[in-house]
Amino acid sequence: MEQVEILRKFIQRVQAMKSPDHNGEDNFARDFMRLRRLSTKYRTEKIYPTATGEKEENVKKNRYKDILPFDHSRVKLTLKTPSQDSDYINANFIKGVYGPKAYVATQGPLANTVIDFWRMIWEYNVVIIVMACREFEMGRKKCERYWPLYGEDPITFAPFKISCEDEQARTDYFIRTLLLEFQNESRRLYQFHYVNWPDHDVPSSFDSILDMISLMRKYQEHEDVPICIHCSAGCGRTGAICAIDYTWNLLKAGKIPEEFNVFNLIQEMRTQRHSAVQTKEQYELVHRAIAQLFEKQLQLYEIHGAQKIADGVNEINTENMVSSIEPEKQDSPPPKPPRTRSCLVEGDAKEEILQPPEPHPVPPILTPSPPSAFPTVTTVWQDNDRYHPKPVLHMVSSEQHSADLNRNYSKSTELPGKNESTIEQIDKKLERNLSFEIKKVPLQEGPKSFDGNTLLNRGHAIKIKSASPCIADKISKPQELSSDLNVGDTSQNSCVDCSVTQSNKVSVTPPEESQNSDTPPRPDRLPLDEKGHVTWSFHGPENAIPIPDLSEGNSSDINYQTRKTVSLTPSPTTQVETPDLVDHDNTSPLFRTPLSFTNPLHSDDSDSDERNSDGAVTQNKTNISTASATVSAATSTESISTRKVLPMSIARHNIAGTTHSGAEKDVDVSEDSPPPLPERTPESFVLASEHNTPVRSEWSELQSQERSEQKKSEGLITSENEKCDHPAGGIHYEMCIECPPTFSDKREQISENPTEATDIGFGNRCGKPKGPRDPPSEWT
């Protein structure tokens, strides 16, 4: 058990001891009675004999006839003087932390034992004398004055001469500097005289006692020579000071035993000096004083721990500067900061060291911005989240020219004036690149086995942020993919950002150009030549997919390997073919809605390998309808994927959708037959909030808002043959999911309608707020 836990347990035990039992006595009184019974047993049964103190020649040297030194631990005097040649003095050694003779517990000198007292001081090279009583207490002589007063002439106790060189008055005690001379040799020693400790009682405050003991240990830190402690009898107050100092030395050495308790300590002391800690009040004082020492030590531990953390941060900053000069490659980060991780961005090896978190929030969504205006995805999480490292961009070269992940960002941006207010809100949320891939995940997530050569092992999620009507401009025709393609191509699952331009179209660079062109430098702009159209581009150097126009009524299948697609289209029906990916874990990747952006670093369960090593694909077609509805954000804990992926939605909920069963049609694999229409529930129209309870009472309000929005929409309108019994006006995203063609009611999906602008941010939902309240900025 660590020292901190031991100290806390002792403090709690002392606090519990103050509570009285059924007899009205607290634990202090009960424990002290046990100590007294043990001492009586020692005396009556002669367990620790006191034969030397009982001798006739030594009886007169004892201040109290019942307080005699134990023979096995008594201090023996060997220094002879002409007047005194006996070896007896009423004193005992008490062992300390480092030796058996750390303390000399003795009675206050009598008039006939002062020379014996100085003999003992000289013989055992004592430097510190602690006196815990007054010379007179309650009209009785408690101790002979064995030192001269400050400013008076030296006192001679032949053959010893004692002078007082200095005296310092402190709270409740004095510090005197004494000069001891014997046979032309002099020694300087110090007397700590505590004057406010009543006999058989305790002082009102023990802070001055602790202060005196602390200062005493500054004068003598070691135990090479004993410290002489005495009061009147050399038992009660003497034993209390010894117990406190002994425990303090243990504490400073970090050697407090796991089962430390004061009872055992004083019981052992009583086997060395008779009646050490003489009263119940003194016994309680020792507990309280030690508990206070432990509390102060705990505070020191906390301060020391904070300093260690600060030093660690400084070391991280220093190593960050060094690593920027000398980059290294490390595939596995250490479990403690500083953690390093190598990444390949545009063919350059870079080492990145996680920095301590900054106070500003993580920007949620990417918007067009000039270079260096805001941090990109490679720096956002590095600067803002120390414990959840950023996603790493990788460029994996293939036989042909590598496709740049951000090749579609190289075009200039033009913003329409009518959407300036919306874009300002988007700009406030900073930027985050939508096209990225994760190759590495921090060790703290505990991911499963990764194959870093050819396989993309994370389920990718997307965010869309736009301010004008968006539709899918083109969807590629089916193109068979060879089973030996490089599945690890970095262009997989990359998506083209949705943005706003003057016209209602977005021109996407054809994927054929990405194959034939060299890898351009990473741009900072989005492709915004035309207005409103959204295209999810799944292109790569070897598996580029042509995108035909769906607005002309040509619905086609997307045949791809390890791809996840989202179609935004005005067509009545959109048929997307999703392959059944063959993998060992039988996991099903799915698309998250814009409100449920899946942070790969926040997934509770690690994603497994999504495909075979040979890249074999078993295809299965699934009809996906495009219905007109609002972006659903109903909270639900159900997930349709066999692979558990918990999205890190900013609303902190998963988005659940339901399908409409009333207008179902037979699912057909052909491209001409319309798919079944999804059924919407009131819960799916409620915005995700910090509460799990859906607001059903606002269903009618949402219906009226959506109908008014449908009338105002200028863009494309869904065909009349769409059987939708729910109001239109939202954007419904259909997720391509590895599953049988039929959709269950528990399947997550989001309806799409291109009649509204594709503004799916938290601040702007289809151009106007659709929720019961404005979402707070803390979501981002």
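Residue numbers in this text run from 1 along the chain shown.
Note that Cβ sites are derived from N, Cα and C of the backbone, with glycine treated the same way.
Taken from Swiss-Prot, the feature active site, phosphocysteine intermediate applies to C231. The annotation substrate binding site is assigned in Swiss-Prot to R36, 63-67, D199, 231-237, Q278. The compositional bias 'Polar residues' annotation in Swiss-Prot covers 502-519, 552-577, 587-601, 690-703. As annotated by Swiss-Prot, compositional bias 'Basic and acidic residues' applies to 521-533, 602-613, 704-725, 771-780. According to Swiss-Prot, the domain 'Tyrosine-protein phosphatase' annotation covers 28-293. Taken from Swiss-Prot, the feature N-acetylmethionine covers M1, and the record attributes it to experimental evidence. According to Swiss-Prot, the phosphoserine annotation covers S19, S332, S435, S449, S567, S571, S608, S689 (among others). Feature annotation from Swiss-Prot assigns phosphothreonine to T509, T519, T569 (among others). Residues or ranges marked as region 'Interaction with TGFB1I1' by Swiss-Prot on the basis of similarity to another entry: 345-438.
Other C-beta atoms found within 10 angstroms of the C-beta of Y64 (substrate binding site) number 14, with every protein chain shown included.
For the binding-site residues G234, G236, the largest tally of other C-beta atoms within 10 A is found at G234. Neighbour density for S19 (phosphoserine): within 10 A of its CB lie 8 other CB atoms from the protein chains shown. Within 10 Å of the Cβ of the residue listed as 'active site, phosphocysteine intermediate' there are 28 other Cβ atoms, across all protein chains.
The C-beta environment of D199 (substrate binding site), restricted to residues of the same chain at least 6 apart in sequence and closer than 8 Å, consists of C133, E137, M138, K142, C231, S232. Around Q278 (substrate binding site), the same-chain residues six or more apart in sequence whose CB sits under 8 Å from its CB are H200, A233, C235, G236, R237, G239, listed in sequence order. Summary for the binding-site residues R36, D66: the Cβ-based neighbour count within 10 Å is maximal at R36. Packing around S232 (substrate binding site) is summarised by its Cβ count: 25 other Cβ atoms lie within 10 angstroms of its Cβ, all protein chains included.
Checking Cα-Cα distances from S19 (phosphoserine) against the binding-site residues (R36, Y64, D66, G234) with a 10 Å cut-off leaves nothing; none qualify. Mean per-residue pLDDT, taken over the domain 'Tyrosine-protein phosphatase' (28-293), amounts to 95.
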